[in-house]
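Take a look at the structure below.
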C-alpha cells in the first residue's frame, strides 16, 4: 500500500473531494433510512412510502454519479503507473468492469427499485429475502459489483490514485454492511414474527 502513496498527492483538491464523496454516500443513505424507519417523516411528507423511497433512491443515484465523477477527476489529476499502462492490464480492467456491471445490474433486477434503495426501511418489504442470482453466490453483490467497477476503472486508467480510492470504497462498504445487515435482518425477523402470530 505504501508504494501507491508515492504516486498520490493527498492534498490535491480532486483527491480530497473523491474521499469525501466515497465516505459520505453510505453514511447519508444509512442515516436517512434509519431516520425514516423510526419517524416515517419522508413517507408523511410525500404521502406515500413508495414516493418517499423513489425520492431517496433518486438522491442516492445522483450522489453516486457525483462520487464517480470525483473519483475520475482524482485519477486524471494525478500520475499514471507505467506498470499498469499496458494491453494486459487494460483487458483486466475491462473484465472487472464487465463482472462488476453484471453484479450491479443483476442485483438491481432481482431487488427492484425499492429493494435496491432501502425500501425495507420504508416498510416496503418483500415476501422473503432475495436468494436468486447473484445473491445465491455472494452476499451484498451490489456493493462488491460497484467495487469491481471502480477497480476496473482504476486499472483502465493505470491509476495508483484510483487503486487507493478503490480500497477506500471497499472499506466503506464493509463498514456499511456491518451497520446494515443486522438491522435489515431484524426488520425481516419482526415481519416473520408478526406473520406467525397472525397465523
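A Cβ is built for glycine as well, from the same backbone N, Cα and C atoms used for every other residue.
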On the question of membrane sidedness, does TrEMBL assign residue 9 and residue 183 the same topological domain? no
TrEMBL record, transmembrane segment, of the ranges 120-149, 150-179 the matching one is 150-179
Averaging the pLDDT values of the topological domain 'Cytoplasmic' (179-199) gives 73
If you count the other CB atoms within 10 A of the CB of residue 180 (S-adenosyl-L-methionine binding site), including all protein chains displayed, you should get 21
Same chain, |i - j| six or more, Cβ under 8 Å of residue 99 (S-adenosyl-L-methionine binding site); the result in sequence order is 145, 148, 152
Min neighbour Cβ count (10 Å) across binding-site residues 98, 100 flags 98
For the topological domain 'Lumenal' (34-45), the distant same-chain contacts (Cβ-Cβ under 8 Å, at least six residues beyond its ends) come to 52, 55-56, 121-123, 183, 187
